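As recorded in TrEMBL, the features of this protein are as follows:
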- 1-28: signal peptide (SIGNAL)
- 72-143: domain 'Ig-like' (DOMAIN)
- 160-241: domain 'Ig-like' (DOMAIN)
- 259-283: transmembrane segment (TRANSMEM)
- 290-329: region 'Disordered' (REGION)
- 293-310: compositional bias 'Basic and acidic residues' (COMPBIAS)
Amino acid sequence: MPSLPSLRGPRAPPLPLLLLCLLAPVRRSSEDGRTPAASFTSLPVREEMMAKYSNLSLESHNISLTEHSNMPVEKNITLERPSNIELTCQFMTSGDLNSVNVTWKKGDELLENNYLINATGSILYTQYMFTIVNSEQMGSYSCFFEEKKEQRGTFNFKVPELHEKKKPLITYVGDSVVLMCKCQDCFPLNWTWYRSNGSVQVPVGVPMNNKYVINGKNANETRLKIMQLSEEDQGSYWCHAIFQLGESEEHIELVVLSYWVPLKAFLGIAVEVVLLVAIILLFEMYTQKKKKHSDDGKEFEQIEQLKSDDSNGIENNAPRHRKNESVGQ
């Protein structure tokens, strides 16, 4: 276990005590095969670095871990311009702090210098200070506390994200459309537009028969106006923002429809309505015809019944006449 110098830098002790402090961690590290994670020799490097970039702003961030943490802890940090960075991790444990091994990494690369370790009660602190001045220094920085199991805290540095509408933008042939990208609370150095042509991004904005116009009301936004749209203008458009520490981009999906598209839908609905009305009319005609045939059949039966009744009446009256004639005689 490396020695635990103060986060703010050690005070110079008397010479005999200083020798004991220097020899003790070296002996303990040689016994367990570990190299001290931080030493007093790293402090001048930190001071020189901070003096060189004293004009830059300071970004301070921290992460808290415990021996019972089940998952690594991550913190996302948005950085637009060069800055001095101060990262602090604290680890709380009920065990012996001297048995905890502390390391720092950038990605998978082990960081050897410029971090300090300090202990207060049952909490172990480690602090890493550095300066980010270019895109290569962006990325993930992690602190590791290795006791019975390893605990990790990670700081993810990235440039600001762009904001735009996630849904496709739908318009029609012959119209004009404005595509917009915006960066919230940030100011890119430059904006550019691209259009996807398969797997290739083609720059957009070169004057071409007044087809494209690029402008923006504010420095944190850009607008691409496309005029006299055709179906060939349909596709993915990318807005690209350039910062001092990297680049960021987003895409907008443009859908260009012909006026026949909504007309086809309307005609389809109209045809369905006409067919439905025709089916209803045919059904009504069939029902009326069937009802008429049924009524004609009933009328015919009634007529036949009446004829039958009349014939029966005549036959019944004939014997009566003959009987009356015989009585008269």
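Any Cβ shown, glycine's included, is placed from N, Cα and C.
The residues of the domain 'Ig-like' (160-241), classed with DSSP into helix (H, G, I), strand (E, B) and coil, number 3 helix, 41 strand, 38 coil. Helix, strand and coil residue tallies for the domain 'Ig-like' (72-143), in that order: 6 helix, 46 strand, 20 coil [DSSP]. Computed over the domain 'Ig-like' (72-143), the whole-number mean pLDDT of the model equals 92.
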